[in-house]
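Participant: Following this message is one structure expressed as structure tokens.
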């Protein structure tokens with residue numbers, strides 16, 4: 001049962017991220033193909049590796065995605081640190097998965 005739940009949550013997370021890429025603020029699948037052709041596969045494999053090692057991260061990432069996109073669109077504002085930011089807002093204090101985002105960012109920058 002746990003494996004099936006994991007697959008459903010992971011699929012929802014991937015679909016949500018793809019939906020954001022396709023319908024987001026000017027981005028689309030393949031948006032980085034000329035500047036970083038491996039960007040999407042790097043992010044996908046990083047997320048998959050983290051979720052495979054801790055399946056509770058999948059719903060955490062999905063919740064983070066929702067909280068970021070719910071307020072004025074998907075702009076990664078929930079990732080900005082500091083007082084008075086979305087990251088420090090009461091509703092977002094329990095968000096998890098920042099380490100996955102940081103890991104993917106590090107791999108992309110490499």
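Glycine is treated like the rest: Cβ placed from N, Cα and C.
As listed in TrEMBL for this protein:
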SITE      63  site 'Transition state stabilizer'
ACT_SITE  67  active site, proton acceptor
BINDING   68, 71, 73, 75, 77, 86  Ca(2+) binding site
DISULFID  69-74  disulfide bond
Participant: So among the disulfide-bonded residues 69, 74, who's got the most Cβ atoms within 10 Å?
Facilitator: 74
Participant: Anything within 10 Å of residue 86 (Ca(2+) binding site)? Look among the recorded positions 63, 67, 69, 74, comparing CA atoms, and list what you find.
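Facilitator: Cα within 10 Å of residue 86 (Ca(2+) binding site): 67.
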Participant: Using a 10 Å radius around each Cβ and counting other Cβ atoms from all shown chains, which of the binding-site residues 75, 86 yields the largest count?
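Facilitator: Most Cβ neighbours within 10 Å: 86.
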Participant: Write down the Cα-Cα distance for residue 69 (disulfide bond) and residue 77 (Ca(2+) binding site), rounded and given in Å.
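Facilitator: Residue 69 (disulfide bond) has its Cα 9 Å from the Cα of residue 77 (Ca(2+) binding site).
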Participant: Starting from the Cβ of residue 68 (Ca(2+) binding site), draw a 10 Å sphere and report how many other Cβ atoms land inside it.
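Facilitator: Looking across every protein chain shown, the total is 21.
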Participant: Far apart in sequence but close in space: which same-chain residues, 6 or more away, have a Cβ under 8 Å from residue 63 (site 'Transition state stabilizer')?
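Facilitator: In sequence order, the residues whose Cβ lies under 8 Å from that of residue 63 (site 'Transition state stabilizer') (at least 6 apart) are 95, 96.
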Participant: Taking only same-chain residues 6+ apart in sequence, whose CB is under 8 Å from that of the residue listed as 'active site, proton acceptor', what do you get?
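Facilitator: Within the chain, the residue listed as 'active site, proton acceptor' has Cβ neighbours under 8 Å at 78, 86, 91, 92, 95.
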Participant: Measuring Cα to Cα, tell me the gap between residue 75 (Ca(2+) binding site) and residue 69 (disulfide bond) in whole angstrom.
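Facilitator: Answer for this pair: 7 Å between alpha carbons.
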